[in-house]
Amino acid sequence: MKPGGLWLRLTLLGASLPAALGWTEPGTSGGRNVGVREPQSEESRSFEVTRREGRSGHSGLPAACGKTLCGRGSRCVLVGETGRPACRCLEACPPSYLPVCGSDGRFYENHCELHRAACLRGEEVVAVHSKDCFLQGDTCTVAGHARLKSVLLALQARRRPPQEGHGRPDAPSQRRLLVESLFKDLDADGDGHVSGAELAQHALQRQDLDEDLRGCSPADLLRFDDYNGDGALTLRELCTAFQVVQLSLAPEDRVSVTTVTVGLSVVLTCAIRGDLRPPIVWKRNGLTLNFMDLEDINDFGEDGSLYIAKVTTVHTGNYTCHAAGREELLQTHVLQVNVPPVIRVYPESQAQEPGVAASLRCHAEGIPTPRITWLKNGVDVSTLMSKQLSLLANGSELHIRSVRYEDTGAYTCIARNEVGVDEDISSLFVEDSARKTLANILWREEGLSVGNMFYVFADDGIVAVHPEDCEIRRHLKPSEKIFMSFGDICPQRGGDAAVPCQWASAVNVRNRYIYVAQPALSRVLVVDIQAQKVLQSIGVDPLPAKLSYDKSHDQVWVLSWGDMHKSQPSLQVITEASAGQGQHLIRTPFSGVDDFFIPPTNLIINHVRFGFIFNTSAPALHKLDLETLALLKTIDLRRHGCAPRALAHTHRGGYVFVQCGRDGGSAPAAGQLLVDSVTDSVLGPNGDVAGTPHVSPDGRFVLSAAADSARLHVQE
């Protein structure tokens, strides 16, 4: 026999011997791989190794596996309670780097990984020895990986739609539920780790794919997203890969109260925590602050904190923060602004005769509301209370029923709150009126007897009336001369009939001067309170109808109608108003102004930066810089169909109350609008309140009265 024939018989015998002995051939089911083709020498070598390891009990396999032949990429295991041997794909390959390209176009670190992948997918994969394949490496790119994740989530949503409680979950929650569901499906053994074998088993069927994955498969999740490099994926790693943010907010942090003293800076820190936390969004009154170009709120910090450079009382209110796209997890910051007390006593000094009543008043403002105490010559008056001496109006007024000589003294008013204290002295002198003492002389020379008068602008001139006994103390007749121009206060025309004086509006300038408008004469008179005479007249545009004093910039604003039809309105500003003389008149460029509003000052608010002008037939407010007289912003009211009629402002929270009229008409609307002066945004209707708004001097209360209603609305 020829040697070749002998080798042929041996080969045939080797091929038929396993069947004769009852050995099972590996198939495509059960994880066995019959689709891998290699050169004959490698095939024979693998066969011998598998048989050798299967028969020997030294490898830890049962003896029953000795008769089970498993293909490469798989190994023999006992199945279930039957104890029958079966081939299962390898869980892992020994670490080695002998790169090989598969016929599936993928790059494998070694042959074992190629065989294992073929076994797991149940596909035929052939090692391809190609130069181009080695140069290309793994075909799954970053873009392909991103596309893969989108496809996985879409398929997961199709297979297992997320359900969380009642109703439809929001997008972030839905994404989180999908990723958790996907992880549960991938984690076949439920050990909390998704191995490469489990990923390989999660094969994507081509009929499920609506787009090309660009050479990516679920196994690539391990390559891109195994952040700790342990060869498995955890739920945390998968959530990070799919950008599912796990946010948290401690229950005690849901509402945070911050108290700051006026003039200081404050940082509000959002307590929402979580890896890969989206940017923090800050809101005030439901309006996003992040993208507003605000002068005093302009730095949100790297950690998403809200920074207010110089806190004022207008910043008082609620601020909320949440991660972008996660509004269901919300933190509320309550910002409270405290102001130290500021007081003013009235009168600063007084002289009274024995037996008459006397009152000393102390007006205090501050946040929180100050507590008032009185001292007489350094002694607490609460120890001196009697029928003769009593405290009224929450302690702000010290009343003496019948003064005696021993009541003479210095009465000190002290106001305290949590952030400060202030005090002032009101002096009382009890003496006979016949005695010309120093106290009486000072009282008159300092103007205290004339500085607290009512000034009535009547047809027959200007009348100064004492507020207590209504006695006329001074009467400036129409024929009296203006000090600086020698003209009459109210010029008379030829004829016997007297022409009555005409007045329009008047303002008090620092208790030194009164500016009063004479519309028919197109001028403003300046009355010297101390001297009780008209100091000068200032010519303005025709028909001056409204005056307002801007104490912050010491200027008087004048609105002139132009004519009785208000067809040519103009707005002018008289500067250096408290100087009494040397003022300048500035004509602003604004046209079509029907009215204007300058927020008032008080003891604790001594500077106002902005004012408003408006046209009663146009649905808009125009914000002005009172110092530069420049137009800053237009607040659109068209959405609410509101043409403004009157305004009021409270420094507590910075709210502007707008009385509305119907757009293009004269009839008033049903209610008011609320505007936030910090963001210059319309917040919406002020409930069902209608009428003209008025704010109390301390800013705590808003009173609204409508001409067609007997009802008065009071809001705090």
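Each Cβ is built from the backbone N, Cα and C atoms, and glycine gets one as well.
In TrEMBL this protein carries:
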type	residues	note
SIGNAL	1-22	signal peptide
REGION	24-60	region 'Disordered'
COMPBIAS	39-56	compositional bias 'Basic and acidic residues'
DOMAIN	81-135	domain 'Kazal-like'
DOMAIN	174-209	domain 'EF-hand'
DOMAIN	251-331	domain 'Ig-like'
DOMAIN	341-426	domain 'Ig-like'
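When Cβ-Cβ distances below 8 Å are used as the criterion, the domain 'EF-hand' (174-209) is approached by residues 89-92, 116-117, 120-122, 151-153, 155-157, 160, 162-164, 168, 217-219, 221-222, 231-235, 238-239, 242, 244, 246 of the same chain, each at least six residues removed from its ends. Taken together, the residues of the domain 'Ig-like' (341-426) have an average pLDDT of 92. Helix, strand and coil residue tallies for the domain 'EF-hand' (174-209), in that order: 22 helix, 2 strand, 12 coil [DSSP].
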